[in-house]
Amino acid sequence: MNLKQKAAEKAVEAIQDGMKVGLGTGSTAYWAIQKIGERVAQGLHIQAVATSQASEDLARELGIPIIPFDQIGRLDVTIDGADEVNEQLVLVKGGGGALLREKIVESNSDRLIIIVDESKDVKVLGTFPLPVEVVPFASEWTLEALRQTGCQAEWRIQDGERYLTDNGNYIADCRYGTIENPQELEIRLNQIPGVVENGLFINMADQVIIARANGQIDIRNK
Ligand SMILES: O=C(CO)[C@H](O)[C@H](O)COP(=O)(O)O
């Protein structure tokens, strides 16, 4: 079993009958959705929403009941991956481009469990370029404003085209090198008109599950 799968399967233990569950996005969340699908096939009853079209499609294939967002109410738990996590449970997310939906879903969840392999556990955030979702209107001005916050910002490109999120927006990947003060940076980013959301998740994770190559699983709680 790979490390992502190990962390994912540990997290899925928290899901109980009757829960309302948020499904994350990415290659680690994939394993959580697989395991949830397995448990649903064995008789677990849950209701779910997904943070991306890809995760929703996977969940439906596996028979996980997907409920419209405006009908499900508050979620009990969401399980999702991350690109970086630090000791304070601050996250960088959005490598898969789903940061806006992830932030909305996870803000409406009583509990957020983050699952990572040990490569994502960092002392200082910022090696992974911070994803920022930007509206297409006048986007070069927004990109320039992002650069003024002290990063090298580039549009994310996929198959030769500018990457489009599930919401029809662009992603600017912002290389800071190190992010010493995520709280301050988040406020600056949110003040830029044209920025829809940023990939800093502060005070959101309740638990981080880290699978290590030596076989250990570390659990970091809020
Ligand atoms: O934030 C995300 C998607 O927007 C993912 O959780 C993050 O990019 C980690 O992905 P992976 O599990 O594939 O490494």
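Every residue gets a Cβ built from N, Cα and C, even glycine.
As annotated by TrEMBL, substrate binding site applies to Thr25, Gly26, Ser27, Thr28, Asp80, Gly81, Ala82, Asp83, Lys93, Gly94, Gly95, Gly96, Lys120. Secondary structure from DSSP puts Ala82 (substrate binding site) in coil.
What TrEMBL lists as active site, proton acceptor is Glu102. Around the Cβ of Glu102 (active site, proton acceptor), the number of neighbouring Cβ atoms within 10 Å comes to 31.
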Quick one: pull the CA-CA distance for Gly95 (substrate binding site) versus Glu102 (active site, proton acceptor), whole Å only.
12
Reported as an integer number of Å, what is the Cα distance between Lys93 (substrate binding site) and Glu102 (active site, proton acceptor)?
9
Distance, Glu102 (active site, proton acceptor) to Ala82 (substrate binding site) (CA atoms, angstrom):
11
